[in-house]
Amino acid sequence: MSIETKDDRPSNPECPWLPRTIDQILFKDNNRDFKKAMFQKIEKLITSRCFSLELLRISLLLELMHGFKKKSKMTEESRLRFNIRGSIFEMLKDSLQTFPNSKISTLTTSSQYYDPARNEYFFDRDPEAFNFILNAFVTGELHVPKHMCGAVIRQEMEFWNIPKDSVSECCWQVYFRFEEQVEYLTEIKRDEAKHQVLHTPRDKTNKDGIRCVVWNTLSNPGYSNVAMVIIWYYFYLFVVGLSTVIFCLSTVPELRTVSYLSDLSEHNVTKITNLKLRHLLFEDPLPVLLAVEMFCLLVFTFELILSISFCPRRLVFIKKWINIVNIILVISMWTTLALELDKEEIIENHSASHVYLITKAFNMLRLLLFVRLERQFKAFRVLLLAVRASAKELLLMCLSFMIAVLIFSSLMFYSEIYFTDSSYYNIFITMWWAIVTMTTVGYGDLYPTTTVGYIIGSLCTMCGLLILALPVAVIASNFSSYYACNNYRERYINFTRRNNISKSD
């Protein structure tokens, strides 16, 4: 756009002497070449004869241009200045409307943070985090940096009164990861606190007494590095493993001999024809196996009596599920031994035989005593915590599995209903088939015989794989998170312990 200087027709009522074209350039088009053109015009006017009149017009025009520039220029009153630990930040006051209830929006010159000498607000906060807070005022969303701890961002948001719903959707994972880690650590600490309750005597003044020492020796392998504590712990686990092996070997016919624990009449011997029952009732384990079994039973009984006697919190001790299993195991083993001394009663009395078989099966509960490994091996305890944390997912898996079993069992039953050779006599049988198929066991005792049945069986297998495989990833993820948090916590505890020892020395 060119600037015409010869057109002196007035266009501005306030300045009738202002040329029309220059007026349009200055107040409407805001041409960037205006200043350059004006300087060129000044040079021409200086060499011209009408210097005084034109020079007056030019000077007035320059004055107007300077006022326009000053008016459009951002003033200091429109900005806020912050000093965050020596780092200077500035922002427009117009951005305060993004979060009107925040601390920044409510700042005044009478605030305790205001420095009148420097006309700024000083805060002893993290300058890097404050930069993201200011960005939230500009964009309306808070973006959480991945390299910064979530606790720092959480504290900054609470200090500046930034609402939590302002966190951007793309940063939810980084923002809530901090909460997940806190939950994992809280669960680990809560589990350790429950375990420590058993080792805390009611009378804390007697925490080094004989009772407390015996109790920690029996139940807490990390109580001391004394050889007796370590030997007892591993000896007990060895007895549990040995007892399990003996229990399995005692069912082998070649390792059983004629009954010598009780006398049997000829009538009772010929009364039972079932081969497995004859081996179980009319034969006893070899004396060596029985002696080892009795030794293991005495160790379990001795350990249980000592634990109950020396435990500082007996009620808490009895409520723990592993101790309930231990009590049931000892009772069932002694009951089984008592019944084996009088097998005549087992053969003649059906109730006694049922009790004998039930208690015999309960003897396998000794395997659960290996759970005590979690006291020494932290990874085993983390696995139990991960399974417990995945209870909802496991419950959902069981519910989905049962729904799928009911659906496919009904479809299979009615798809084979016209075939008399089919083995599916009712839906309960097809439910068994669906469970075996979905778990990919496939015994082969039941199978479809029609094309539709084959299709339903294929769909049933694929659904079973999906339903059972998906929760495994959740459990693995929980285990990985618990294991990492517990590992870091153990490293911190060991570091603190070594540091305290070095200071004491």
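Keep in mind that glycine also has a Cβ here, set from the backbone N, Cα and C atoms.
Annotated domain 'BTB' per TrEMBL: 78-177, in sequence order.
Feature annotation from TrEMBL assigns transmembrane segment to 231-252 (among others). Counting only same-chain residues 6+ beyond the ends of the transmembrane segment (231-252), those with a CB under 8 A from a CB of the stretch are 217-218, 221, 280, 285, 289, 292-293, 295-297, 299-300, 303, 363-364, 366-367, 369-370, 372-373, 376.
Outside the transmembrane segment (286-309) by six or more residues, the chain places 214-215, 218-219, 236, 239, 242-243, 246-247, 249-250, 255-257, 260, 317-318, 323, 326-327, 329-330, 333-334, 337, 366 with a CB less than 8 A from a CB of the stretch. TrEMBL lists 286-309 (among others) with the feature transmembrane segment.
The annotation transmembrane segment is assigned in TrEMBL to 321-341 (among others).
If you look up TrEMBL, you'll see 353-373 (among others) marked as transmembrane segment.
According to TrEMBL, the feature transmembrane segment maps to 394-413 (among others).
Annotation source TrEMBL lists transmembrane segment at 425-444 (among others).
Listed by sequence, the residues of this chain that lie at least six past the ends of the transmembrane segment (451-476) yet keep a Cβ under 8 A from its Cβ atoms are 386-387, 390, 393-394, 396-397, 400-401, 404, 408, 411-412, 415-416, 434, 437-440. Look at TrEMBL and you will find 451-476 (among others) tagged as transmembrane segment.
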Residues of the parent chain within Cβ reach of the transmembrane segment (425-444), under 8 Å, 6 or more residues beyond its termini:
401, 404-406, 408-410, 412-413, 457, 460-461, 463-465, 467-468
Mind checking how the domain 'BTB' (78-177) divides into helix, strand and coil residues in DSSP?
43 helix, 20 strand, 37 coil
Surrounding residues of the transmembrane segment (394-413) on its own chain - C-beta under 8 Å, 6+ positions past either end:
387, 424, 426-427, 430-431, 433-435, 437-438, 448, 453, 456-457, 459-460, 463-464, 467-468, 470-471, 475
Near the transmembrane segment (321-341), which same-chain residues lie under 8 Å Cβ to Cβ, leaving out any that are not at least 6 residues past its ends?
261-262, 284, 294, 297, 300-301, 304, 307, 352, 355-356, 358-360, 362-363, 365-366, 368-369, 371-372
